[in-house]
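Feature annotation from TrEMBL assigns domain 'Ig-like' to 4-121, 126-215. Residues or ranges marked as transmembrane segment in TrEMBL: 223-246. Taken from TrEMBL, the feature compositional bias 'Basic and acidic residues' applies to 257-267. What TrEMBL records for 257-327 is region 'Disordered'. Residues annotated as compositional bias 'Polar residues' in TrEMBL: 271-307.
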Amino acid sequence: TRSLSITSVEQPMVEKAQGDKVTLPCTFVLSEEDEGPLDIEWVLIPADNQKKEQIIIMYAVDRIYNHYYAAMTGRMQFTNPDPRSGDGSLDILNLKAADTGTYQCKVKKAPGVQSQKIQLTVLVKPARTKCSIEGSQEIGKDVTLKCASQEGSPLLSYDWRRVSGRQELPATSMLNKNTGELLLKNASQDYSGTYHCVASNRVGTDECSVELNVTPPINTAGIIAGAIIGTLLGLSVLAFLVFCCCKKHREKKYEKEVHHDIREDVPPPKSRSSTARSYIGSNRSSLGSMSPSNMEGYTKTPYSQVPSEDFERPPGQNPTFAPSKVAAPNLSRMGAVPVMIPAQSKDGSIV
């Protein structure tokens, strides 16, 4: 005998937004035949049939038990604090996307047993919607206005409208509601203005705006020519600076070499040949007044023994000899032994 019956309107599917509150209905009527204890429980049926049902909350023996499902602790409760009144509906607060699933209400009072399933879908509202412009904003060019939400459950739909100037969209515009792209072909200055995008799904909306400013084409030839001239001038200045640096470096190097090679404050060294000639000349003058016996020692003096510049006698200490009055014959032509003619000194003595 089935005397117990569930009276709430069956709702096979319920959609709610994340963060909202939902009430899953479960009202019932008892009869006199139902004599056993009242037992009400809500369970979450997993998508995988191989898994067991998860008890969420339960009323039994005049007591509420709500500690079975930790993911909803503090966020669920019976709509009526006393389910014996015939209202076993469930409230879920601050919904999350993970709460999506199939929920079942079971009411037992022997011999009556009844149940009802509800599919709950938690949707995320569109959020962080951004508008942007792609393409050159020049007259005659194609411009694309883009609109996209960073958050939001599908299926998202996008709609564009013009909020300044002419309210309607340009005649050449093409809108894709699924991607949020608005294509403006062959743009003109009349297309300039503020455009507004609305992103929406079944649980909410979000908006953004963008400013379009269509301008005449830029003189690209002049810009390119200016860039080329500027580049050439820059290279010329750089080459001039490099040349000046190299020239200055060479001048410094030359001055440094000259400074090391020639010093104006140091007198040039005396010639060794002049020293040798003065030494030999003095020997010759001495030979003119010496006897043949003394010639042998002087003729054997090697040239290598010519005194150096550091050991020369002062001019006042060199011996002086009177010149011979009779010139000596050319010994090399005569082939004879040279004979020294006595000479008379200034004091009258014969040397």
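From the backbone N, Cα and C atoms, a Cβ is placed for every residue, glycine too.
Note on the domain 'Ig-like' (4-121): mean pLDDT across this stretch is 92. With DSSP states grouped into helix (H, G, I), strand (E, B) and coil, the domain 'Ig-like' (4-121) comes out at 9 helix, 56 strand, 53 coil. In terms of DSSP secondary structure, the domain 'Ig-like' (126-215) contains 3 helix, 51 strand, 36 coil.
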